[in-house]
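Participant: Quick one: the structure is below, and I'll ask about it shortly.
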Amino acid sequence: MGDIKNKDHTTSVNHNLMASAGNYTAEKEIGKGSFATVYRGHLTSDKSQHVAIKEVSRAKLKNKKLLENLEIEIAILKKIKHPHIVGLIDCERTSTDFYLIMEYCALGDLTFLLKRRKELMENHPLLRTVFEKYPPPSENHNGLHRAFVLSYLQQLASALKFLRSKNLVHRDIKPQNLLLSTPLIGYHDSKSFHELGFVGIYNLPILKIADFGFARFLPNTSLAETLCGSPLYMAPEILNYQKYNAKADLWSVGTVVFEMCCGTPPFRASNHLELFKKIKRANDVITFPSYCNIEPELKELICSLLTFDPAQRIGFEEFFANKVVNEDLSSYELEDDLPELESKSKGIVESNMFVSEYLSKQPKSPNSNLAGHQSMADNPAELSDALKNSNILTAPAVKTDHTQAVDKKASNNKYHNSLVSDRSFEREYVVVEKKSVEVNSLADEVAQAGFNPNPIKHPTSTQNQNVLLNEQFSPNNQQYFQNQGENPRLLRATSSSSGGSDGSRRPSLVDRRLSISSLNPSNALSRALGIASTRLFGGANQQQQQQQITSSPPYSQTLLNSQLFHELTENIILRIDHLQHPETLKLDNTNIVSILESLAAKAFVVYSYAEVKFSQIVPLSTTLKGMANFENRRSMDSNAIAEEQDSDDAEEEDETLKKYKEDCLSTKTFGKGRTLSATSQLSATFNKLPRSEMILLCNEAIVLYMKALSILSKSMQVTSNWWYESQEKSCSLRVNVLVQWLREKFNECLEKADFLRLKINDLRFKHASEVAENQTLEEKGSSEEPVYLEKLLYDRALEISKMAAHMELKGENLYNCELAYATSLWMLETSLDDDDFTNAYGDYPFKTNIHLKSNDVEDKEKYHSVLDENDRIIIRKYIDSIANRLKILRQKMNHQN
């Protein structure tokens, strides 16, 4: 066994690797992604034989789905050999890593030609000559010469034809996955070029499809429903979560060809739902920029590829037989310039320099950190790392003076903004949808793994008391617990901060949930806990619950029990006096419950407040208001709304809500385990507030949902780290329930945030149409009030605690006062969190600040300065004061009992 040697002292590769053709030497790191590092390398025995070495750490593939994606890629690449597909030379596995020895493409990927052309013409000797021989149609946009377009179209078609013969669909065709190898290496003329199986123009860089992490075997008649691909190049049927077949690749080909011609994708939007709406609204009418001179035959082909309905879209056989795809390109081949091109190609090979090394600065885009081999490094799903490099949503969040200045400066460069938007959108897709897949996959794995008969106990600073979680378990659940060997009476431990009160002194949340509203129907707690508990956790009648039990898999009969969620949530919130910051605890079986419960409590109070805002935007139906005992009451917020709607309002629905309702009523699944049942009972109307107030409400709700997503994402990452480091793949029922609760809230927050984004964009469009025509876009935007997450939580926490104190003085509803004080404390603790950029367990959660970029140190400092030290001192004083009130209240309650 020989070592992979490394000439670059900045990195270290010391793992043993035996290859059939000899040992390999890793030279310079050329790409680094979420799960892999890509090195430029060569055969140790022959330095002229260059390879790309993709090192994938097993430790990073904690999710079974990620490991499966890598295994799929390896299996596919082993089976396919084609001149226009990046080849797998060798593959080795060790106990800690995978090594994929792959064909080396020194010219990066297609995005270099599209986005970095001017820099390449100045610095890259070969590409400078190529662009001189095949000049772009315009200096003002990123379109390529017709020779490039047709050559790469034919090479794409050749590779796809081969994939179809193997019943393979790639599912992620995009410029970043189309790598370019140096021409005139291994052949010297057109004849030898075509004899090797290549198509197209022999003296242009050769296009090769890479990254088969999303690919799968899919016969022409089969349908898939996994959300894969990058949104700007994704077929509409995938964007709309519909089943799709191999024709999805043809749509992606159409978008790539359009971008090669025009320099920009055919459709752009800030999220995949907006993108789908734009595509559908276009009604198969593809608009080509006026600066693009494209012949009718090529336009017709692009339009046939970009057909909305897959059934009407051009088929593979028709595509392969198309006149443009089969056009003779020999007239573009430059025999006279062959010696010069051949000499410069050999110079590139001999210099052994990657394309990015020729540029003045390492390109942060179009390929982010990977410089041409991003697709290889990010491959088995481009999942977790995107959380630290991109944003969930684009609506306003916590703003600073710095970020506002950045926004204003960026608005002066529309072209730059469009490129940044494209790249940001591609990353956003990874954040939202792939993280959702990861969260649900992990929750399913934990749920199905079984329970540990020795449950993990909850550590507290005082005595532990095991109390009955639910005295009214159904026979089904009773039997299930017995089969699993765990007593349902050991599922939760309530604790008191001041002595030995009986654990049964407090009524269950099911008994109390309607009385919660007596705290004050207009404040946040009544809405947050009343609405969230009754509408979102419960509300199903006995018959519906029985139907769910009979139709659900065994593990879900208990784990998704709404009564269990009621008790779990309440007791976590009430355990505020045992708050331990997760960062101070070691991640092991002893502390996992404390860590997850602290994070779950923070997520719940933020989520609950987001629900208040959501219910103001989309009011509850009359039935639900009756269930929650909120009829005929009005909010006292500055954004006060009437909860009752005139019957006429129910007849008016806007397009966004119609779409949302259709999804809800069909309980469409957004990734495994993600359903819309929680929101399927919404009423059919929006409130009739002024648009400016509705926009503010949407902004506030989105910011709160995003913060909840950030905490929930961190919780699932902590769970993932613990789960995959654990020797035993089993856990207590308590941990299992916590994981399922985190999954449910993550999916719901994600769904509602997406919905609100669509709503706020519609509101902004309508609002903009009402302002004076001479008002500039910047003036319009500046009218929106900035939203600060910390201020939202701080103000609401004080409001809740003041109302609780007022009721305590009257001696009313002491149980609810206790819950109110605890909720207030959790909110204040959450407002002090600075963990949006770091994570004690080595991974990054979602960012909640839209305008910050993870690599910008100055922005991070500005973010943390939203609360200065004086602000923090004030908040800590309030925490101490409210905690003292809570302690006194509990002593009073214990004395009464």
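Backbone N, Cα and C atoms are what each Cβ position is placed from, and that goes for glycine too.
Just so it is clear, the model here is predicted, and its values are computed rather than measured.
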Participant: Of the residues T129, T679, T685, which is given the phosphothreonine tag by Swiss-Prot?
Facilitator: T129
Participant: Hey, which of S48, S515, S831 does Swiss-Prot call phosphoserine?
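Facilitator: Comparing S48, S515, S831 with the record, Swiss-Prot tags S515 as phosphoserine.
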Participant: Of the residues S411, S635, S730, which is given the phosphoserine tag by Swiss-Prot?
Facilitator: S635
Participant: With every protein chain in view, what's the tally of Cβ atoms within 10 Å of the Cβ of A36 (ATP binding site), excluding that atom itself?
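Facilitator: Excluding its own Cβ, the number within 10 Å is 26.
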Participant: Expressed to the nearest Å, what is the distance separating V38 (ATP binding site) and D172 (active site, proton acceptor) at their Cα atoms?
Facilitator: 20
Participant: Hey, of I30, K32, D172, S304, T590, which of those recorded positions are within 10 Å of T129 (phosphothreonine), Cα to Cα?
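Facilitator: Correct set: empty; none qualify.
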Participant: If you count other Cβ atoms within 10 Å of each one's Cβ, which of the binding-site residues I30, V38 has the most?
Facilitator: V38
Participant: Least buried of the modified residues T129, T590, going by other Cβ atoms within 10 Å?
Facilitator: T590
Participant: Taking only the recorded positions D172, S304, T590, which one has a CA atom nearest to the CA atom of K32 (ATP binding site)?
Facilitator: D172
Participant: What average pLDDT does the predicted model assign to the motif 'LIR' (429-432)?
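Facilitator: Taking every residue of the motif 'LIR' (429-432) together, the mean pLDDT is 42.
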Participant: Counting each residue once, how many in the region 'Required for Cvt trafficking' (880-886) are helix, strand and coil under DSSP?
Facilitator: 7 helix, 0 strand, 0 coil
Participant: What's the CA to CA span in angstrom from S304 (phosphoserine) over to D172 (active site, proton acceptor)?
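Facilitator: Distance (Cα to Cα, whole Å): 19 Å.
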